[in-house]
Amino acid sequence: EIIQAITGVIVPNTNATADIWIERGGQLWRLRRHEEAIKAFDEAIKQNDPKNVYLAWYGKGLALGNLGKAQPAMEAFQQAINTLPKREDLKNFHSSILQQQSVVYSYLENYEQALTVINQAISLVPNNPNHYNEKWSVLSELKRYDEGLAAITQAITLAPRALWYLNRGILYYNQQKYELALADFNKAIELNPNFAMAYNNRGTLYDDQQKYELALADYNQAIELNRNNAQAYYNRGNLYYDLQKYDLALSDYNKAIEINGNYAMAYNNRGLLYQDQKKYQLALADYNKAIELDSKLALAYNNRGNLYFAQQKYKLALADYEEAIKINPNFAEAYANRGLLYAELKQTKKAKIDLQQAAILFRQQNNMAAYEKVMQFLQILGG
């Protein structure tokens with residue numbers, strides 16, 4: 001009834017003011033009826049009223065962005081800036097448009113340009129914590145972690161929100177500063193006890209530390225708070241897999257995929273489970289699907305290569321290992337697996353080169369158990 005009341009506003013085809021079209025577009029946008037919203041905003045844009053046309057362009061940009069039409073969204077946001085009246089009271093709005101541009105540039109993986117425009121937003125309005133959060137996101141993609149830490153800490157200083165603590169915790173986690181990450185995840189949950197993603201991320205940290213009961217409790221809580229949290233099901237599936245509770249793991253991978261049919265890593269890991277169970281056709285189908293969804297997922301190529309290797313389909317295995325290494329030149333496991341394949345094919349020289357490279361990478365990555373295994377095999381090969 002509420003939706004009918006909102007969308008039941010009849011807008012006349014003639015003589016409707018731009019304000020009415022903008023209001024209509026905003027209503028439709030909030031209802032996620034983005035195509036209709038764009039048409040309403042276009043009606044306002046046609047009138048080109050200098051008092052409000054910038055609002056129509058901004059609304060159109062938001063709707064286009066929600067439809068994944070990044071370049072047209074960027075153009076609409078630029079038009080919003082171009083038509084924005086030069087008034088002091090619109091500085092906040094101007095900076096918000098710039099932030100939306102930064103989001104779109106990030107979506108297009110043009111992170112340098114995203115950083116440029118979010119810095120412009122900060123110059124206009126230095127006390128908006130949302131801008132610093134966006135800057136953290138961009139700097140994280142650029143792997144400029146120290147600057148990212150400064151940005152997210154500034155967001156927290158301006159407004160100590162649960163999301164900002166979660167994001168800083170993620171940064172600390174990625175830097176393997178686990179105590180600091182845990183403190184921030186705890187703070188996020190303290191500020192918002194219903195924050196499913198904070199429980200999910202804290203669960204991942206506990207999982208890495210082999211605190212499995214704590215991890216399971218957090219994943220369960222994340223799922224309880226949000227039954228459509230595909231990532232929490234995926235993470236709990238990984239935990240069950242590690243605990244050799246394969247039926248439970250399979251159930252969680254299935255649920256993650258049911259919620260998000262484009263979840264490449266869920267297909268990849270379900271493929272691993274099927275391969276362990278010698279369900280090779282199902283495993284192959286899942287690896288293929290993972291690669292179809294994410295052609296840069298080196299892990300899926302490596303795993304499919306292992307499956308082909310086990311089936312003595314050596315040419316296919318070799319092609320997959322090579323693709324995995326091409327995508328990720330620091331993928332130690334892929335070098336090791338290709339080295340083992342070369343050894344199987346009696347190409348000892350190539351095997352030694354790959355295994356030596358794997359050993360170097362494993363050592364650099366502090367995976368000493370894998371390093372020792374590779375060194376033992378090199379000794380067998382006489383290298």
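Keep in mind that glycine also has a Cβ here, set from the backbone N, Cα and C atoms.
Automated prediction, rather than curation, is the source of TrEMBL annotations.
Here TrEMBL flags 18-51 (among others) as repeat 'TPR'. Across all of the repeat 'TPR' (18-51), the predicted model scores a mean pLDDT of 92.
Counting same-chain residues at least six beyond the ends of the repeat 'TPR' (54-87), those with a Cβ under 8 angstroms from any Cβ of the stretch are 18, 21-22, 25-26, 29, 32, 34-35, 37-38, 41-42, 44-45, 93-94, 97-98, 100-101, 103-105, 107-108. Taken from TrEMBL, the feature repeat 'TPR' covers 54-87 (among others).
Under the heading repeat 'TPR', TrEMBL lists 95-128 (among others). Sequence-distant neighbours of the repeat 'TPR' (95-128) (same chain, 6+ residues past either end, Cβ-Cβ under 8 Å): 58, 61-62, 65, 70-71, 73-74, 77-78, 80-81, 84, 134-135, 137-139, 141-142, 158.
Here the repeat 'TPR' (162-195) has long-range neighbours at 129, 133, 136-137, 140, 145, 148-149, 152-153, 155-156, 201-202, 204-205, 208-209, 225, meaning same-chain residues at least 6 beyond its ends whose C-beta is under 8 angstroms from one of its own. Sequence annotations record features per position, and here TrEMBL assigns repeat 'TPR' to 162-195 (among others).
Residues annotated as repeat 'TPR' in TrEMBL: 196-229 (among others). The list of residues near the repeat 'TPR' (196-229) in space but at least 6 beyond its ends in sequence, with Cβ under 8 angstroms from a Cβ of it, reads 162, 165-166, 169-170, 173, 178, 181-182, 185-186, 188-189, 235-236, 238-239, 242-243, 259.
Annotation source TrEMBL lists repeat 'TPR' at 230-263 (among others). With a cut-off of 8 Å between Cβ atoms, the residues of this chain six or more beyond the repeat 'TPR' (230-263) that come close are 196-197, 199-200, 203-204, 207, 212, 215-216, 219-220, 222-223, 269-270, 272-273, 276-277, 293.
Here the repeat 'TPR' (264-297) has Cβ contacts under 8 Å with residues 230, 234, 237-238, 241, 246, 249-250, 253-254, 256-257, 303-304, 306-307, 310-311, 327 of the same chain, all six or more residues outside its ends. The repeat 'TPR' annotation in TrEMBL covers 264-297 (among others).
The feature repeat 'TPR' is assigned by TrEMBL to 298-331 (among others). Sequence-distant contacts of the repeat 'TPR' (298-331), counting only residues of its own chain at least 6 positions beyond either end whose CB sits under 8 Å from a CB of the stretch, comprise 264-265, 267-268, 271-272, 275, 280, 283-284, 287-288, 290-291, 337-338, 340-341, 344-345, 361, 365.
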Please count the residues of the repeat 'TPR' (95-128) that DSSP assigns to helix (H, G, I), strand (E, B) and coil.
27 helix, 0 strand, 7 coil
For the repeat 'TPR' (18-51), what are the DSSP-based totals of helix, strand and coil residues?
27 helix, 0 strand, 7 coil
